[in-house]
């Protein structure tokens, strides 16, 4: 066997790149080593059909691989990873996705994109593509489902994300702002994103992001204590949560009771291992849904994030729905 070759997996070390969480083949490796954060240098969805962190998603034709990266390893059945994206927009069409504010870039590879609120700026080194519409040039940013749970849910076919132009969103667990930047693109200049992050190190990145994007309001505070930042945040339409804590449903509920309007919606990303690493993922998801129901949060759909994330699910629902009027 060749050194550094793992049987099932695109690239070095199964899922993700050169070490990124180890994957099924490589040594454990820091969470991001050479792999540029989940799904890095060639590790596509769970090693099957990698193609450079595959950007192809379940929506696009073709295998799960065939990425938007340059080159990319072959993985199993994943086509070659495609050349560098079309910077100039030759032979590229952008069409609206059914979720308002989200678009699909159709070219040699299909990719999920959002309209860049700050043209000319990349947030985390993502590809950008400019499309000429009449005299104007509109710039779109590629949205990588291996680095964003929300993009993974959209490509997985989630029915509603409730995040749309003009919406006010409370984002719990904002980290460095990778997904937050795309949410900021979607809600546009008329919307707002309150981004809550406890880590000061990630918070610095978030504050720098907010300097350029005026619709992001960074809150460097613990989401367990919403009363500490209630003076900063108005009522919101949607809560998006990616906090990966054992008591995350309680954290979301506390914030919902404080900031979410009645009839507002929530989108929660659940990582089974973070809640109970001994139970099966399905059992964990079911128990979290039960907890939500006890908090006046009514789940409407649940979706696993395969092939982008292992043992993750997204639950979308409505908070304190108005009572149905009986005729």
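Cβ atoms are placed via backbone N, Cα and C, with glycine included.
Going by Swiss-Prot, these are the annotated features:
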- 1-95: region 'Disordered' (REGION)
- 7-80: compositional bias 'Gly residues' (COMPBIAS)
- 8: asymmetric dimethylarginine (MOD_RES)
- 15: asymmetric dimethylarginine (MOD_RES)
- 21: asymmetric dimethylarginine (MOD_RES)
- 24: asymmetric dimethylarginine (MOD_RES)
- 28: asymmetric dimethylarginine (MOD_RES)
- 31: asymmetric dimethylarginine (MOD_RES)
- 90: SUMO2 cross-link (CROSSLNK)
- 108: N6-acetyllysine (MOD_RES)
- 108: SUMO2 cross-link (CROSSLNK)
- 115: SUMO2 cross-link (CROSSLNK)
- 122: phosphoserine (MOD_RES)
- 127: N6-acetyllysine (MOD_RES)
- 130: phosphoserine (MOD_RES)
- 137: SUMO2 cross-link (CROSSLNK)
- 149: SUMO2 cross-link (CROSSLNK)
- 164: SUMO2 cross-link (CROSSLNK)
- 178, 179, 197, 198, 222, 223, 242, 243, 244, 245: S-adenosyl-L-methionine binding site (BINDING)
- 211: N6-acetyllysine (MOD_RES)
- 212: N6-acetyllysine (MOD_RES)
Cα-nearest neighbour of residue 149 (SUMO2 cross-link) within the listed recorded positions, 108, 122, 197, 211, 242: 242
Sparsest-packed of the listed recorded positions (115, 137, 164, 211) - C-beta count within 10 angstroms: 211
Which listed residue (122, 130, 178) has most other Cβ within 10 Å, given these are recorded positions: 178
Among 197, 222, 242, which are binding-site residues, the residue with the most C-beta atoms within 10 angstroms of its C-beta: 197
Whole-number Å value for how far residue 244 (S-adenosyl-L-methionine binding site) lies from residue 212 (N6-acetyllysine) (Cα to Cα): 28
Cα proximity to residue 108 (N6-acetyllysine), best match among binding-site residues 197, 222, 242: 242
Integer Cα-Cα distance in angstrom, residue 197 (S-adenosyl-L-methionine binding site) to residue 127 (N6-acetyllysine): 26
